[in-house]
Amino acid sequence: MAMADRWFLAIWPDAQARTALERQVSRLGPLPGRATHPLDWHLTLVFLGELAPERLACVETVPIAIAAHTAPFEVSLTQIDRFPHAQVLWCGPDHTPEPLAHLVADLQSALAACGIVPESRPYRPHLTLARRVRAAPARRFQSPITWTVRELVLAFGIAGARPGYRIQRRYPCGAP
């Protein structure tokens with residue numbers, strides 16, 4: 001496989017949560033900017049960027065033990081907001097669930113052995129709904145969209161494809 005320039009570790013909402021989110025988003029009317037394909041909706045855990053084959057081989061092994069020692073946990077999407085500088089419309093939880101914060105910290109720490117430097121800004125779980133959004137009001141969902149995280153994935157982006165992300169490997173949570 002050729003090098004992809006957008007590798008990342010993430011969690012995907014299950015089909016029921018994605019359907020509920022599609023209903024909530026459709027109530028907003030057409031999204032401003034460039035909408036993200038619903039099959040691409042995910043919460044990034046760690047952005048990895050471009051990975052040479054030898055670094056990818058290292059990265060692929062890191063989540064195995066971490067996922068195995070992470071019990072399934074719930075994530076609830078409760079709000080829609082915008083990152084003004086990045087012009088991204090997103091939805092996410094009010095706060096980072098403790099198991100999610102631990103998972104991200106464990107991954108960042110372990111990925112250092114692969115030469116991956118963690119981002120300097122604090123982790124903010126969000127699911128990108130649209131890009132190139134110049135203005136949009138913050139809103140709360142009528143009811144939270146909740147799912148149980150049972151796996152994390154290693155995925156990469158394919159420029160110009162819709163949906164544009166492909167899952168390379170799955171890591172079940174709580175698997176011995």
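Cβ from N, Cα, C; glycine included.
Annotated features, as they stand in TrEMBL:
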ACT_SITE  HIS42  active site, proton donor
MOTIF     42-45  motif 'HXTX 1'
ACT_SITE  HIS126  active site, proton acceptor
MOTIF     126-129  motif 'HXTX 2'
Mean predicted confidence [pLDDT] for the motif 'HXTX 1' (42-45): 96
How big is the Cα-to-Cα gap, in Å, between HIS126 (active site, proton acceptor) and HIS42 (active site, proton donor)? 8
Going along the chain, which residues six or more apart from the residue listed as 'active site, proton donor' have their CB under 8 A from its CB? ALA10, ILE11, TRP12, PRO13, LEU127, VAL153, ALA155, TYR165
Across the motif 'HXTX 1' (42-45), what are the DSSP residue counts per state (helix, strand, coil)? 0 helix, 3 strand, 1 coil
Suppose we draw a 10 Å sphere around the Cβ of the residue listed as 'active site, proton acceptor'. How many other Cβ atoms does it contain, all chains included? 19
